[in-house]
Amino acid sequence: MLWHPDRFSNDEDDKKVTATRKFQVVSKAYNILNDPAKKELYDSTGLLDDDSFDCFSENTDWNMVWRAMFKPITKKDIENFFKKYRGSEDETKDIIKYYNKYKGDLNKILECVIGGDDEERIRYLINDLIATAKVEAFDKFVKEPEAARIKRQKKREKEAKAVEKETKKMQKKSGKSAADFDLFEAFAERAKRREAEGAALFAHLEKKYGGGSKRSAIEDSNPKPRKARK
């Protein structure tokens, strides 16, 4: 309470302003130290709260800000998440939610459920839910034709091969091991690079063709007067 503004109510304006600012700093520091989430954010990034984002401009590298605030998500992190998620109460709730929402339409259910690429496992869990009367036996699920399953399987295999090929290509280019490679960061960097390349190409084309086109248009719209014949 050493710098509380009330203690300087009878002093000059300069002292009041100084005391107020010091009190605000102390109060903010106290709030951060007493809030584990804010303290962790400050320790890792130097950001105090939402006001700290005022220092960012339209040219801010948000990819760098993101990396400063959140640790990279690696393949190992994803595998650890699935180990905890599979068989959990959260997974069961998600399956029930989307099964009821789409009335047993497995195409839509697998698009929404986390880990939907493991169709046989999801199908087994749904059958168990039906057997225990936790969900209704919708015709779209229990009477689904075999051809629909085969079509989904072929699509998954094709997509998996494409993703694996692209991931290995990006990992090799990054020079990192499979454990340390951050797929999300790699996608963000590639998107940023392509955006920059596109802007550079546009600027080049504008410089090469834009000026000439504008001059031609001006000249065409203002033809030179013909000289009168003598």
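Cβ from N, Cα, C; glycine included.
TrEMBL: automatically predicted annotations, no manual curation.
Positions annotated as compositional bias 'Basic and acidic residues' by TrEMBL: 156-169. What TrEMBL lists as domain 'J' is 1-46. For 152-177, 209-230, the entry in TrEMBL reads region 'Disordered'.
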Message = Give the mean pLDDT for the domain 'J' (1-46) on the 0 to 100 scale.
response = 61
Note = Secondary structure split (DSSP) over the compositional bias 'Basic and acidic residues' (156-169) reads 14 helix, 0 strand, 0 coil
